[in-house]
Amino acid sequence: MEINFIDLQFGSILLLLIIGFVGGLVSGFIGASGAFILTPAMMSLGVPAIVAVGTNMCHNFPKAFIGALKRVKAGQVDMKLAIVIALSAVIGVFYGASIQIYIKETFGNLGSNLYVSLVFIIVLAIVGTYALYRAIKGETSEQSRVAAWVQTVNVPGTMMYFSSIGAKVSLLFVIVLGFANGLLAATIAVGGFFGVPAMMYILGVSGLRASATHLIVAFVISLWGTIQYASSGFVDIRLVIILLAGSLFGIQLGTIGTTYVKDYMIKVVMGVLMILVLVSLALKMPFYLSELGHIEPFNESMMIVLDQASFAILILALVIGAVIILQAFISGAFKYAKKQALIEEEEAITRKAALAPFPSSSAQLLPTGRFEKIMVVSDRSDSSIAAAREAIRLAQRTDGILSVMSVIVTNPEHESLAKQLIEKENKDALANLETLKTNANDAGVDCKISLRHGIEISQEIVDEAEKSRADVIVMGRRGYTGLMRVMMGSNTAKVIGYAHCSVLIVPKTAKIEGKKILLAVDGSRYSDTAATTVMSLAKHLHASVLIVSVVYSEHQEKRYSEATEEITRVDNFLTQEGISTEGRVLSGRPAEAIVEVANAKGVDLIVMGSHGRTGLDRVLLGSVSDRVIGYAECAVLVVKAA
């Protein structure tokens with residue numbers, strides 16, 4: 001009886017952690033699954049191919065679940081299409097796994113390794129070559145004639161309308177697509193390379209909605225594949241845990257790294273890694289074929305050379321991927337550190353000024369005290385509808401000018417969209433923007449609209465805010481908190497970190513009625529800037545202000561005294577401006593204490609200063625404003641220091 005599970009020693013565990021980390025780096029960097037590295041890497045360590053596939057499917061479904069939740073909340077998923085494809089994909093997974101199990105039982109581990117390697121070589125040759133071709137040529141694809149033809153085929157009794165396509169298509173095409181997707185996923189644990197392009201070029205789904213919808217399919221495929229392989233004893237949960245431990249951290253760095261490279265480099269990395277993995281697998285093929293008796297046996301020394309060469313090339317692929325991606329990340333980190341050094345230098349100069357009395361109302365000439373230009377971000381989700389509503393109301397109260405913008409995401413893996421798909425996505429986005437413009441005009445607010453395209457939503461938002469010289473960016477809140485927020489990242493957090501203006505975050509049920517504003521202060525120049533902004537807001541909204549400072553320190557008495565002095569200082573400033581105030585010193589964790597008192601006091605707007613952390617610093621150190629945004633039931637305004 002052949003052994004399915006390998007012995008784990010310290011060295012192999014460490015290597016698996018590194019493999020998981022690099023797989024996560026690649027996944028975050030290229031925007032696609034890193035399974036094309038993980039499965040061959042496990043095989044190179046002696047894991048039978050069928051166990052590597054089953055383990056990888058188990059490793060994939062938690063990440064697919066998190067991504068699917070994010071896209072569903074964003075309103076980007078065509079749920080009807082996802083259900084139809086997923087159900088047919090389950091059948092594909094069943095047959096794919098059954099074939100795998102049959103090959104394993106009939107030909108043993110060698111037969112399984114040969115089968116998986118052969119399919120991998122074919123898939124990687126096609127996808128890797130195409131990725132390099134796209135990187136070199138940089139051309140856009142022609143109009144998808146296949147999708148146009150599919151949408152004209154009318155098979156009675158099989159037609160169904162899908163919102164992501166904007167037309168009826170025959171279920172026969174959808175079912176075949178789903179079956180093939182599941183079959184491929186059960187064979188090599190990689191389905192996205194086929195599923196997303198197939199939805200785009202065969203059915204006519206836009207790139208954004210195709211990648212979002214496929215996450216639902218990927219979750220179902222991975223979950224069902226895990227169940228089927230595990231029930232036959234082909235999932236090694238030890239490897240799943242080790243790979244997850246490495247990949248969950250790696251994917252964060254890989255995602256950040258994409259911010260600092262050009263689009264073509266993503267394709268280059270993807271193509272080079274795939275070709276190297278292909279060569280590594282190809283060098284093992286003679287061994288499998290000779291051991292199975294299909295070719296003349298090689299001498300032992302030649303087999304050792306091929307085996308070592310295969311492993312060396314795989315390691316080379318891991319090193320190249322890690323070096324390129326980490327170099328991009330480190331480059332960005334140095335830029336960030338330089339920026340932080342300038343901020344700290346500025347703080348040292350202005351720290352004494354923060355302890356001085358507040359200036360008069362003439363300070364409203366500063367951008368932090370005005371709301372003349374308000375920019376709201378819309379993506380047609382429920383949360384962005386609430387943001388647009390409150391942005392219009394804020395513009396009414398401040399006599400401000402409103403601009404509404406949307407971002408169409410271009411996926412680096414599948415950015416070559418057919419011409420009509422791009423036009424359809426642009427048309428839908430512009431129609432939404434025009435509707436919001438009409439709503440604003442009906443409310444007596446001047447409104448402009450803009451539509452941007454890019455890979456990073458947050459970067460496009462920040463660039464548009466800079467271009468329009470916005471005083472405040474208004475965004476809806478998705479509602480994620482805690483580990484979920486860290487694992488998925490947050491466009492809101494990135495915008496707050498990089499934007500030079502204030503950012504207003506609005507939960508979908510929140511309304512700013514002007515009942516009471518909560519101002520959180522800590523004696524820094526950031527909270528002083530927030531206080532200046534609150535003075536302007538309180539006058540516009542005719543609202544009273546609750547000033548709070550949180551004591552969370554070993555030196556409670558000293559901090560309580562300092563907090564009281566700070567509240568008194570801010571209170572005097574606001575009172576002189578004719579604003580009704582009250583002050584409270586809170587104790588406990590800052591975010592939780594602020595949210596608790598806001599709920600108890602019926603606050604409809606929380607205002608706080610931002611310390612401007614971004615990237616890995618924000619992930620590791622956290623942010624009070626991030627947590628307040630995540631848990632507060634009311635709107636939160638994060639003010640950036642001038």
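A Cβ is built for glycine as well, from the same backbone N, Cα and C atoms used for every other residue.
Lifted from TrEMBL, the feature list:
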type	residues	note
TRANSMEM	12-30	transmembrane segment
TRANSMEM	36-58	transmembrane segment
TRANSMEM	79-103	transmembrane segment
TRANSMEM	115-133	transmembrane segment
TRANSMEM	171-196	transmembrane segment
TRANSMEM	208-227	transmembrane segment
TRANSMEM	239-261	transmembrane segment
TRANSMEM	268-289	transmembrane segment
TRANSMEM	309-330	transmembrane segment
DOMAIN	371-507	domain 'UspA'
DOMAIN	515-640	domain 'UspA'
Would you mind listing the long-range same-chain contacts of the transmembrane segment (268-289), meaning Cβ under 8 Å and 6+ residues beyond its ends?
-> 26, 29-30, 32, 36-37, 40, 44, 110-111, 113-114, 117-118, 120-121, 124-125, 127-132, 135, 295, 298, 303, 306-307, 309-311, 313-314, 316-317, 320-321, 324-325, 413
Averaged pLDDT, computed only over the residues in the domain 'UspA' (371-507) | 81
What parts of the chain pack near the transmembrane segment (208-227), using Cβ distances under 8 Å and only residues at least 6 beyond its ends?
-> 31, 33, 54, 57-58, 60-61, 64-65, 67-68, 71-72, 74, 76-79, 81-83, 85-86, 89-90, 93-94, 97, 164, 178, 181-182, 185-186, 189, 191-192, 195-196, 199-200, 235, 408-409, 411, 413-414, 425
Within the domain 'UspA' (515-640), residues counted as helix, strand or coil by DSSP = 65 helix, 30 strand, 31 coil
Mind checking how the domain 'UspA' (371-507) divides into helix, strand and coil residues in DSSP?
-> 68 helix, 32 strand, 37 coil
Cβ contacts under 8 Å made by the transmembrane segment (36-58) with residues that lie 6+ beyond its boundaries = 2, 4-6, 12, 15-16, 19-20, 22-23, 26, 100-101, 103-104, 109, 112-113, 115-117, 120, 123-124, 185-190, 193, 221-222, 225-226, 229-230, 234-237, 239-240, 243, 273-274, 277, 280-281, 310-311, 314, 317-318, 321
Does the transmembrane segment (79-103) make contact with the transmembrane segment (171-196) through 3 or more Cβ pairs under 8 Å, each pair 6 or more apart in sequence?
-> yes
